[in-house]
Amino acid sequence: MQEYDQHNLTKAVIARLADTPNARTKQIMTSLVRHLHDFAREVRLTEAEWKQGIDYLTATGQMCDDKRQEFILLSDVLGLSMLTVAMNQEKPEGCTEPTVFGPFHVEGAPHYAHGADVANGAKGEPCMVYGRVTGVDGRPVAGAVVETWQADADGHYDVQYEGLEVAQGRGVLKSGEDGRFHFRTIVAQAYPIPDDGPVGELLRATGRHPWRPAHLHFMIKAPGYETLVTHVFRRGDKYLDSDAVFGVRTSLIGDWVRQTDGTYRLDFDFVLNPTL
């Protein structure tokens, strides 16, 4: 009978994976076991720390529901979400860069006509957003589905409010024949990611703040083009260099320009990458 110890256990576990039928699953699981065991050996993980880690992951799962995804939030603050985006979504020069998806997108956002008020009662300073969707060749992309969502002036997304029965600060539009779209909303503000759960505990334990710089989320889809998931960040925000989820890219920083009537205006164009 084979006995296992700290010197031969990793090899034995990997050997058990030898008959995994899917090659990619085999590759991922083999690497995961190897790195996980190496991590435990490197830090000399104690049994109490192992139990604490199990409890932490359990609590993270218990925090998830149809309105909040604590595991995505955990992935975000560990930089894993952004690393995955950066590795898998390299774009040709000139294309709008992607960034993290975030935990507060929901299906079924209302559809709006150009110029409509997407804020729909959300608290904040009024703002107009003007955009254009093109391909890398500069040609307009007509009929692109442009979905946007954002937090309000208090740093909350609509889904974080108990009992709120209408969508606020989120909506879907379609670009016109010239690729253009515009809508009313509120000025983006910096806000803290939810820190009342396990992710917040981790941030406090490591001396990190929970703040994200002000931004608007966009997801843009069009036939013949790769789906773009990105943000537009507000220039001058003090958290641009310390985003809690590592999502800022210089090319995604935009200008919210104050108008003579006291409202604001953001102009930002999006360039999609064609599918092969």
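Placed from the backbone N, Cα and C atoms, the Cβ positions cover glycine too.
Together with Tyr157, His215, His217, the Fe cation site in Swiss-Prot holds one more listed residue from Tyr130, Tyr191, which is Tyr191. In the three-state DSSP scheme, Tyr157 (Fe cation binding site) falls into the coil class. Among the listed binding-site residues, namely His215, His217, the Cβ with the most fellow Cβ atoms inside 10 Å is that of His215. For the binding-site residues listed here (Tyr157, Tyr191), the lowest count of other CB atoms within 10 A around the CB belongs to Tyr191.
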